[in-house]
Amino acid sequence: MATDMADTPAVQESSHECANSENESAKDENETVQTGETETLSKRQRKRLLKNQQWEEQRELRKQKRKERKQQKKLERQAQAEDGVEWTGKKRLRRSAEPSSLRLVIDCSFDNLMVLKDVKKLHKQIQRCYAENRRTLHPVQFYLTSHGGQLKQVMDEINKGWVNWKDVHFKLDAFDEILKKEDLVYLTSDSPNVLQELDEAKAYVIGGLVDHNHHKGITFDRAQELGIAHAQLPLGSFVKMNSRKVLAVNHVFEIILAFLEKRDWQEAFFTVLPQRKGAVPVGQENKLGEGNDEEDSDEDSDTEHPISEKRTDLKDQSESKQEEHKPVLIQSDSMGFVPVGQENKLGHGKTPM
């Protein structure tokens, strides 16, 4: 019995030691796994992981700071309003503008004459018109008439926000159905009438057409059919260009806006016209650089001012003279070729088999 009792503590002690040994082994193994996982991360990865953790931890703090800044700005605006100080934030700049009663109309009735690519270009031009009218000193009454078809579909797909545009009159009807005919003036380069001043009681119509000049004169014909007034911008009186005088819809729109602000046609033209067109004031033609004779791919319209047609004629005459002086080859019996006037240099060619 004594022996059994003596052996019992030894057995228990041995079991305890085994259990401790197993726990220590499991602990060491766990530490090894963790250490192994840590060792697989590079120093850069550990930094990135730590940075991401800190970013997530501070998310709520950033959100709270944004709310505080927003609330602070709101309180500042309220305080300024109470003190009679006008708010000059970016979105409030239009408050200082003086709207004009002049109406600018883009006639979108040529939708069926354009391919989809050109309709998208027209859409871009209309976007520019809207943006310029929103930030100009004297915004006009902006109308888009005959608004439907491909153009409306493109605007719905590309720019759904157009339905929220401010200060734009979207009309499905034609311009002559919603405005008095005696108030209408169609702007077309084919008109013999040159615009000198703008009458703010009038509605000036711009042809909404990007056609690469395939339908030349169509806006002038439309004005005559409707029996309404028509005129062209006085471009030729103030500007000389060494390229084709094709003005996009947004160019014409912006020139009108610039004139309302500056009351000077020449200054208005040179504020708007792209430099690549090589435009110079009348009387400074010797400063003309090399412009681009091609129409702007995304800014074409029917509003063309063909002032430099003489340049094309001169080019044709030059090419004709070159053809006259071009050496003419003659053929000898032995298949030798020499220019006319040098027949004495004819050699003996190889007779064909």
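All positions are counted from 1 along the displayed chain.
Note that Cβ sites are derived from N, Cα and C of the backbone, with glycine treated the same way.
Annotations in TrEMBL come from automatic prediction, not curation.
Quick look at what TrEMBL annotates:
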REGION    1-87  region 'Disordered'
COMPBIAS  11-23  compositional bias 'Polar residues'
COMPBIAS  62-72  compositional bias 'Basic residues'
DOMAIN    89-280  domain 'SAM-dependent MTase TRM10-type'
ACT_SITE  D211  active site, proton acceptor
REGION    281-353  region 'Disordered'
COMPBIAS  291-302  compositional bias 'Acidic residues'
COMPBIAS  303-327  compositional bias 'Basic and acidic residues'
Hey, what's the Cβ neighbour count for the residue listed as 'active site, proton acceptor' at 10 Å? 18
Go ahead and report the DSSP secondary structure tallies for the compositional bias 'Basic residues' (62-72): helix first, then strand, then coil. 11 helix, 0 strand, 0 coil
Rounded mean pLDDT within the domain 'SAM-dependent MTase TRM10-type' (89-280) lands at 90
